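Peer 1: The following feature annotations were taken from Swiss-Prot:
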- His89: active site, charge relay system (ACT_SITE)
- Asp137: active site, charge relay system (ACT_SITE)
- Ser233: active site, charge relay system (ACT_SITE)
- Glu103, Asn105, Glu108, Glu110, Glu113: Ca(2+) binding site (BINDING)
- Cys74-Cys90: disulfide bond (DISULFID)
- Cys204-Cys218: disulfide bond (DISULFID)
- Cys229-Cys257: disulfide bond (DISULFID)
- 49-275: domain 'Peptidase S1' (DOMAIN)
- Asn25: N-linked glycosylation site (CARBOHYD)
- Asn35: N-linked glycosylation site (CARBOHYD)
- Thr47: O-linked glycosylation site (CARBOHYD)
- Asn96: N-linked glycosylation site (CARBOHYD)
- Asn128: N-linked glycosylation site (CARBOHYD)
- Tyr23: sulfotyrosine (MOD_RES)
- Thr27: phosphothreonine (MOD_RES)
Amino acid sequence: GVSVSHASKKITRATTIFSNTEYENFTEAETIRGNVTQRSQSSDDFTRIVGGENAKPGQFPWQVLLNGKVEAFCGGSIINEKWVVTAAHCIKPDDNITVVAGEYNIQETENTEQKRNVIRIIPYHKYNATINKYNHDIALLELDKPLTLNSYVTPICIANREYTNIFLNFGSGYVSGWGRVFNRGRQASILQYLRVPFVDRATCLRSTKFTIYNNMFCAGFDVGGKDSCEGDSGGPHVTEVEGTSFLTGIISWGEECAIKGKYGVYTRVSWYVNW
């Protein structure tokens, strides 16, 4: 089994992009994903969307990869030719971030990839990492030059607040990413995706001692074994409505990955569509 101290750790879904000096600012309860202690044998296996499957090329054309000091440290979603949305906690001010759109297998060149530099980062104005690293966990990235839109590079649809909320409550979303750990273990080279059921608020609150604010929601499986994980942060949680996918969440955080009785926690996009 998992010891209580280990299971209760809050760990991000970004791979570690912090210098060692910054570790000292974290309480034990906020150990960063990718710096997981050796106490759990299974942490080795949780290096990507857990229990997911390979996407097909162009299946999630809004998905982007963020590269910085660490490759594939987070994901994001294309909003239009010039802007990408991701998780605010993915961003470190001094990191030069490259966005890769049209990516499929990060170890191969498919000639569908488009790389852009990020020239401006706008975290949500109420985001304050020193108070809470995962509250208002959403940020916009402006690209240096527009993406060329095609069947591999397509913006995700965003509905108004009311409809985004309605779609989320349809009950089933898709999450995707190349999540992998910084220190050891396999990485996902091919984009992974997973269908995750929406988890009602009461169940969500009961599952954790950490605060789940109204601008967050839980999704995933009580039995464990399937979840988003390291390096998936910032990537999309989408709901399919009559063949069209809408952005309903941003992959944000979780305690470990795919643990029984724990869920993935996502930023509720409906709160931010009027931003």
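Note: Cβ is positioned from N, Cα and C throughout, glycine not excepted.
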Peer 1: Per DSSP, to which secondary structure element type does Cys218 (disulfide bond) belong, with helix, strand and coil as the options?
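Peer 2: Strand, per DSSP.
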Peer 1: Report the nearest neighbour of Cys229 (disulfide bond) in space among the recorded positions His89, Glu108, Glu110, comparing Cα positions.
Peer 2: His89
Peer 1: Under 8 Å Cβ-Cβ from Asn105 (Ca(2+) binding site), six or more apart in the same chain: what's there?
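Peer 2: Same-chain residues close to Asn105 (Ca(2+) binding site) (Cβ under 8 Å, separated by 6 or more) are Ser189, Ile190, Leu191.
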Peer 1: Which one, from the recorded positions Asn96, Asn128, Ser233, has the smallest tally of other C-beta atoms lying within 10 Å of its C-beta?
Peer 2: Asn96
Peer 1: Three-state secondary structure of Glu103 (Ca(2+) binding site) from DSSP?
Peer 2: coil
Peer 1: What is the average pLDDT across the domain 'Peptidase S1' (49-275)?
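Peer 2: Average per-residue pLDDT within the domain 'Peptidase S1' (49-275): 93.
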Peer 1: State the three-class DSSP label for Glu110 (Ca(2+) binding site), counting H, G and I as helix, E and B as strand, and everything else as coil.
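Peer 2: The three-state answer is coil.
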Peer 1: Quick check for the class: what is the C-alpha distance, in angstrom and rounded, between Asn128 (N-linked glycosylation site) and His89 (active site, charge relay system)?
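Peer 2: Cα-Cα, rounded: 9 Å.
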Peer 1: Among the recorded positions listed here (Glu103, Glu113, Ser233), which has the Cα closest to the Cα of Cys90 (disulfide bond)?
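Peer 2: Smallest Cα separation from Cys90 (disulfide bond) among Glu103, Glu113, Ser233: Ser233.
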Peer 1: May I ask which of the recorded positions Cys204, Cys218, Ser233, Cys257 is closest to Cys74 (disulfide bond) if we compare their C-alpha atoms?
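Peer 2: Looking at Cα distances from Cys74 (disulfide bond), the smallest one goes to Ser233.
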